[in-house]
Structures are given as C-alpha cells and as structure tokens.
Amino acid sequence: MSAATDIRPLIGLAATRPLTGTEAEAAFGALFEGAATPAQIGGLLMAMRVRGETVEEMAAATRAMRARMNRIKAPEGAMDIVGTGGDGKGTLNISTATAFVVAGAGVPVAKHGNRNLSSKSGSADALTHLGLNVMSTPEIAEAALAATGICFMMAPVHHPAMRHVGPARAELGTRTIFNLLGPMTNPGLVKRQLTGTFDRVWNRPMAETLRELGSECAWLVHGGDGTDEISIAEPTWVAQLKDGEITEFQISPEDAGLPVHPFEAILGGDPARNAAALRALLDGAQGAYRDAVVLNAAAALLIAGQAADLREGAEIARTSIDSGKARAKLAALAAQVGAPADPNG
C-alpha cells in the first residue's frame, strides 16, 4: 500500500456499505502507514462503527495490523488471555492473574496487553506496580516466554504502526474497531484464546473472525454483569470456536463447582491496590477474586486442552495457586524482564 493512497473514497464507501476484504485491508494499510489525516481516520472508524463492523472487515484489518507488528516466536500450544476492554466496570485484574495461574499449570501464555482502558488499572499498570518492566523489547518477551512459559507484550511496543491512529482514537474517546482488533493481533500469533468482549453481540462475530484467521480453539465471553471476562456474579455468554465449528452457550460459576459472589466483591482500585490484591491472591488469599480467577483459568485450561471440563480446570487452577507455581511464574517473569524505570507507572 503506497503512503500516497487517498482513503477518502473508502471512507465514503464505508458509510454506505460494508467494505470488501481488499478494500478494508487497503484502508487500514493506509492508516498504519501514516497516509491518513486524523479527520480521515476518525471518519473511517466512525463510519464503520455506526454501520457495524463486519467479520470480513475485522479479518482484513487484523491482517493489515499483523503484517506490521513486531512478532515473537511462541511455542506450540501457547495461548492468550485478554479482554477487549471498554466494559467500564473497574474490576480487579482478572485476566492478568489468570495468566499466571494458567502458566503455573504448564500452559505457555503469551499475554498481550496495555494500560488501563476499562478498569482503573490495566494489566500493564498492575504489572508495573508488581515490579515488572512491561516495556521490554520483543526479543526479551520471546526469551522470557521460552524460559519461563509466560510473557507480557505491551501493545505499543509490538504495534508501532498504531502510533499513526492513537491520537485520533484518543480524540474520539469512544469504542472503535480497534477495541475488537487488539485481542486478535497477538504478536505470538497464538491459535488458542480466552477473549472477553465488552458486549455479547460481538462474541460470535469475533469467533468467526478468529476462525477466518486460523485459530484452533477460542472462547469469546461476556459476563452477565457486563464484564469482558467470565463472571463470578452472573451467567456468562460464550461463543466457542473449536475444530472450525462455533457453538454458543451459557456457563455459570456453579459449572466449575464455584460459588456465586456479588459483583462488588471484585471491584478494583488504583494500580497499587490491584497489584497488592494480585500478589495476595498468588500467595493463597481466599475470596471472590480468587474464585473469579479460578473460574477464568478453568476455561483457559479447557481451551488449552489440559482439562476435560470446567470442574477439572478449576481443580488444576487451585493447585497452581496453592502449590506456589503461579506465584513462581510471576517471580520468574520479573527476573527475565527486569524492573520498570518508574515503578509508579
């Protein structure tokens, strides 16, 4: 895609009908090459949002983004545990804690994340307060994954082309297709995902997009309490991609042998508070936060093929925590990536 490409005709098309895959890949290629003005970027993103993004558009945009990202080599069977963000719920860092629990159970986790979007403290914010340098290079992330079975990949480090669209996104201040693309642009190109969505209407379209992109097994989930993860308070809607087939169903904490907790019990705070809660969880603290993480880890272990059902997955997750293996993964990752330049983020 030439940097001189004029995307204005594509903006006009996007406002009236879905773009074809070729058109969408051209449009997003222009965005990522810096060939569009902020007004043009905003026009394209909002035209698509108002009309509703299609699977073909999401797959094409993901391909354009993947083609320009700084990749790492991930081992066979590696997975990502991530949410779209944008649920506005301000919970504790559930997917981050889940990543350490799943890694402690022996599944390689290549976690892709960023700073706060829907919570008061995003995964990167909490990890920084836990003493990890989240801005480590792709080479360090790859080495950490190989050595410890877990890594954290900061989105801006691995997606430098996003610098061209970041200011326009910030000015828009609303959800765009990029909230959907983030979980599908893992730099390790993992083929197994537990992905939370900010609205359950996106569960199936995102599952269809991941199928188009070659994922082997994925759960797209949205909690009944509005969270972009599996809820410990309400039933959760799931779109499962497995062996090329997509099925939709609901699950509840009871399916994993876990109690239901009030949503308020998993509300988070600032990065320091959330980091302290995560460390306490890995040290064996009981309660709603632990149960929420065990529930999400149970699903991740099922997706990874390490558990036959949610109850078995929950048992494996508890063992990962209580044996100290999950906590050891945090320590091992910290040793690999070093401390942040500014521990206060």
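Every residue, even glycine, has its Cβ placed from backbone N, Cα and C.
If you draw a 10 Å sphere around the CB of GLY83 (anthranilate 1 binding site), it holds 28 other CB atoms from the protein chains shown. The anthranilate 1 binding site annotation in Swiss-Prot covers GLY83, ASN114, and the record cites sequence analysis as its basis.
Feature annotation from Swiss-Prot assigns 5-phospho-alpha-D-ribose 1-diphosphate binding site to GLY83, 86-87, THR91, 93-96, 111-119, SER123; the stated evidence is sequence analysis.
The Cβ neighbour count for SER95 (5-phospho-alpha-D-ribose 1-diphosphate binding site), using a 10 Å radius and every protein chain shown, is 25. Residues or ranges marked as Mg(2+) 1 binding site by Swiss-Prot on the basis of sequence analysis: SER95, GLU229.
Per Swiss-Prot, the feature anthranilate 2 binding site maps to ARG169. Counted within 10 Å of its Cβ, the other Cβ atoms near ARG169 (anthranilate 2 binding site) come to 18, all protein chains included.
A simple way to gauge crowding: the CB of ASP228 (Mg(2+) 2 binding site) has 32 other CB atoms within 10 angstroms, across all the protein chains here. When secondary structure is read from DSSP and collapsed to three states, ASP228 (Mg(2+) 2 binding site) falls in the coil class. Residues annotated as Mg(2+) 2 binding site in Swiss-Prot: ASP228, GLU229.
SER95 (5-phospho-alpha-D-ribose 1-diphosphate binding site) and ARG169 (anthranilate 2 binding site) have their C-alpha atoms 24 Å apart, to the nearest angstrom. Taking the C-alpha positions, the distance from ASP228 (Mg(2+) 2 binding site) to HIS112 (5-phospho-alpha-D-ribose 1-diphosphate binding site) comes to 15 Å. Geometry remark: ARG115 (5-phospho-alpha-D-ribose 1-diphosphate binding site) versus GLY83 (anthranilate 1 binding site), CA distance 12 Å. Of all Cβ atoms in the protein chains displayed, 18 besides its own lie within 10 Å of the Cβ of ARG115 (5-phospho-alpha-D-ribose 1-diphosphate binding site). In terms of local Cβ density within 10 Å, HIS112 ranks first among the binding-site residues HIS112, ASN114.
The two recorded residues, THR91 (5-phospho-alpha-D-ribose 1-diphosphate binding site) and GLY83 (anthranilate 1 binding site), show a Cα separation of 12 Å.
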